[in-house]
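So that you can see what the record holds, here are the features copied from TrEMBL:
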BINDING   55, 58, 59  heme 1 binding site
BINDING   145, 148, 149  heme 3 binding site
BINDING   177, 180, 181  heme 4 binding site
BINDING   343, 346, 347  heme 5 binding site
COMPBIAS  396-411  compositional bias 'Polar residues'
DOMAIN    18-190  domain 'NapC/NirT cytochrome c N-terminal'
REGION    392-411  region 'Disordered'
TRANSMEM  21-40  transmembrane segment
């Protein structure tokens, strides 16, 4: 305790007791010079850590991010203007810049701990790094981008027609650049294995659903099919929203019956609930797809649009308990909200009934790469669009209306 008191008294004398040996003017000059020296050194340090050479001194950045940047227009272009790391990843305002420097210690720590030291580790960790930066860009309204790209300075007439429509709409909404242009300078992270927390609520509701034999249900999440209740032999997989009939349930397994269609082409592994519509509901293992003991084949008829013959098929499988619901609407509520959140920031959002079920897969696959949807979420949204297409409901805008035009937003 005495030591603490002694230290406190020493600091008080040092800071507040008038000097008896050095004049006040000299103290002011020394303090001013020291402050200038410190501030100059601090700014020099900030400037040095903003250079591309400093960023690339870490081999993780040089080996992973620089090769990606070199392939883009931000590195080499006809104007000869190059964006370096700090132009995009370090705020230009002083306070925000210092805060970002402090936050960057997390990346340094990840490097020192070996979390991102190899290409494979970096790719696995990329989604975390990307989401952190996307969140920062979203929060500051892509301020670093706007230091070079400004809506008021854009000549929309010199853009492609499709780009004009997108950019004019973005300018009217003052949209953030990263709403549409993720992956503009670096590769997008692999979303495989990402988890959509919305599925947790679906699974929770499915687990609480009381299954009754002889009743019809919907499969709520993609899952495996099995040939027997012990679930040792995989028979295939079943997709979200596939209708099933429950025959029995025991020991955590449910026996279901699938009554669907398949194309009489190849092995007939892909099964569809709706005739003539490419909306997959189940995929059967190759060696079982032609097993007459497992699968009962029924009537066959030709699709007048394609000339392909479709055949009615019926089979019984087992699935894990807890994946069935008596209504598909909770899944559609999530899919509708996901579609609205992910697919309306870059362009006019088409009404699902603006296209038919067979058109949606091609349209959707061309756009899903610009979103952050994981595989399960993307599959659910596509299924929602197909089952709410013009094949199932009337288009409120009418065929060919501008509201149903899917514009291609390219970074």
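The chain as shown is numbered from 1 upward.
In case you wondered, yes, glycine gets a Cβ from its N, Cα and C as well.
Here the features listed in TrEMBL are painted onto the structure.
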residue: 55; record: heme 1 binding site; DSSP class: helix
residue: 145; record: heme 3 binding site; DSSP class: helix
residue: 177; record: heme 4 binding site; DSSP class: helix
residue: 343; record: heme 5 binding site; DSSP class: coil
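Cβ atoms within 8 Å of the centroid of the Cβ atoms of 55, 58, 59 (the heme 1 site) belong to the same-chain residues 56, 57, 60, 61, 62, 111, site residues excluded. Separation of the C-alpha atoms of residue 148 (heme 3 binding site) and residue 55 (heme 1 binding site): 21 Å, rounded to the nearest whole number. Considering only the binding-site residues 55, 58, 145, the Cβ with the fewest other Cβ atoms within 10 Å is that of 58.
Spacing of residue 58 (heme 1 binding site) relative to residue 181 (heme 4 binding site) is 26 Å (Cα to Cα, whole number). Least crowded of the binding-site residues (180, 343), judged by neighbouring Cβ atoms within 10 Å of its own Cβ: 180. Considering only the binding-site residues 148, 177, the Cβ with the fewest other Cβ atoms within 10 Å is that of 148. Looking only at the binding-site residues 59, 145, 343, the one with its C-alpha closest to residue 180 (heme 4 binding site) is 343. Take the CB of residue 149 (heme 3 binding site) and look out to 10 A: across all protein chains shown you find 12 other CB atoms.
Note: residue 59 (heme 1 binding site) has no non-local neighbours, i.e. no same-chain residues 6+ apart with C-beta under 8 A of its own C-beta. A 10 Å cutoff on Cβ-Cβ distances gives residue 181 (heme 4 binding site) a total of 18 other Cβ atoms nearby, all chains included. For the pair residue 55 (heme 1 binding site) and residue 177 (heme 4 binding site), the Cα-Cα distance reads 24 Å. It is 13 Å from the Cα atom of residue 343 (heme 5 binding site) to that of residue 181 (heme 4 binding site).
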